[in-house]
Amino acid sequence: MRKSGCTVCSRSIGWVGLAVNTVLMVMKAFVGLIGGSQAMLADAMYSLKDMLNALMVVIGTTISSKPLDAEHPYGHGKVEFILSMVVSVVFIGLTGYLLVHAVQILLDESMHRTPHLIVLWAALVSVGVNVAMYFYSRCVAIETNSPIIKTMAKHHHGDATASGAVALGIIGAHYLNMPWIDPAVALWETIDLLLLGKVVFMDAYRGLMDHTAGEAVQNRIVDTAERVPGVRGVIHLRARYVGQDIWADMIIGVDPEHTVEQAHDICEAVQAAVCGKMRRIESLHVSAEAREAGDTSKPTFSEEPLTYDEVMLSKVDN
């Protein structure tokens, strides 16, 4: 990580999020009940969602940080994707119920009420807190590349937007004499929660499928390797995400006149260069093949996973 404080933040963000969102959830539920706001009650679900997500961060980061062992040669990084999927499924179910309830209230004019102004102030407090938590969790997510902390940042962004909508709804209900706005905002919030749950679910699904590192990452690895003295281009590269980390192996071209020791030294230099430039490389195995000068063939890429033996070999070499 770039700064020493990043490690502290990555370890504490789950507990901070858990405390903050518990307070916000209680405040929103209490104010929504006494203030008569369906939108604020729906907004409390955002904080409940975030509270559970923060709990998943605490559990997930603890498990995923465990070292490799014989039974888990790829590490424990996938646990974060599993927990993200659990959170998304739970809230898709809960918000489906809330969606039906919001529609019923919106269609029944006898249930339309103008909420108390205390709801407006609670919504503004929620906006401020969630904006601060969004930037905090986004910073940690960038540094750690953790999928569950990325989910946490997305949730805080959505919460700030939802609380802002609640505030606008209260203003409209009070000053424009439109009490139906409050249940309408509640309806919008439940739809937004459903869509957010779908995004989180699909992100977790892709993570569990060990997707390729992507063209941009592959090109960075190739570019870095080819800048190392003695490298006559990258012949083959295989890179994919395992959890939040990248596992890769590559074949580089070297002068046919080089000795085995010289080729090995070049491979080690490539490892050091790539791992030094790219922060999320967990494992990189580099081997060399003879390549004639002037051979400008482009590298080939593979998305097939590494075998168990290759994984253990790369951990020894890296």
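Note: Cβ is positioned from N, Cα and C throughout, glycine not excepted.
Since we're looking at a predicted model, the values are computed, not measured.
Swiss-Prot lists 1-210 with the feature region 'Transmembrane domain (TMD)', giving a curator's inference as the kind of evidence.
The feature transmembrane segment is assigned by Swiss-Prot to 13-33 (among others), with sequence analysis given as support. For the transmembrane segment (13-33), the list of distant contacts is 39-41, 43-44, 47-48, 50-51, 53-55, 57-58, 61, 118-119, 122, 125-126, 129-130, 133, 136-137, 140, 149, 152: same-chain residues at least six beyond its ends, Cβ to Cβ under 8 Å.
Look at Swiss-Prot and you will find 39-59 (among others) tagged as transmembrane segment, backed by sequence analysis. Listed as Cβ neighbours of the transmembrane segment (39-59) (distance under 8 Å, sequence separation of 6 or more from its ends, same chain) are residues 13-18, 20-22, 24-25, 28-29, 31-33, 80, 83-84, 86-87, 90-91, 94-95, 98, 102, 115, 119, 122-123, 126, 146, 148-149, 151-152, 155-156, 158-159, 162-163, 165-166, 169-170, 182-183, 185-186, 189-190, 193.
Sequence annotations record features per position, and here Swiss-Prot assigns transmembrane segment to 81-101 (among others).
Swiss-Prot lists 117-137 (among others) with the feature transmembrane segment, giving sequence analysis as the kind of evidence.
Annotation comment: Swiss-Prot describes 211-318 as region 'C-terminal domain (CTD)', evidence class a curator's inference.
A strand conformation is recorded for D249 (Fe cation 1 binding site) in the three-state DSSP classification. Residues annotated as Fe cation 1 binding site in Swiss-Prot, with similarity to another entry given as evidence: D249, H285.
The DSSP secondary structure for H264 (Fe cation 2 binding site) is helix. What Swiss-Prot records for H264 is Fe cation 2 binding site, and it gives similarity to another entry as the kind of evidence.
Here Swiss-Prot flags E289 as Fe cation 3 binding site. Within its own chain, E289 (Fe cation 3 binding site) has I235, I251, I252, G253, V254 as residues 6 or more apart in sequence whose C-beta sits under 8 angstroms from its own. Under the DSSP three-state reduction, E289 (Fe cation 3 binding site) is assigned to strand.
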Close approaches to the transmembrane segment (117-137) from elsewhere in its chain (Cβ under 8 angstroms; 6 or more beyond its ends): 9, 13, 16-17, 20, 24, 27-28, 31-32, 34-37, 39-40, 43, 47, 149, 152-153, 156-157, 159-160, 163-164, 166-167, 170-171, 174
Within-chain partners of the transmembrane segment (81-101) [C-beta distance under 8 Å, separation at least 6 from its ends]: 42, 45, 49, 52-53, 56, 59-60, 147-148, 151, 186-187, 190-191, 193-194, 196-198, 200-201, 203-205, 207-208, 243
Between H285 (Fe cation 1 binding site) and H264 (Fe cation 2 binding site): CA-CA distance (Å): 12
Binding-site residues listed as H264, H285, least Cβ neighbours within 10 Å: H264
Neighbour tally for D249 (Fe cation 1 binding site), based on other Cβ positions within 10 Å of its Cβ: 21
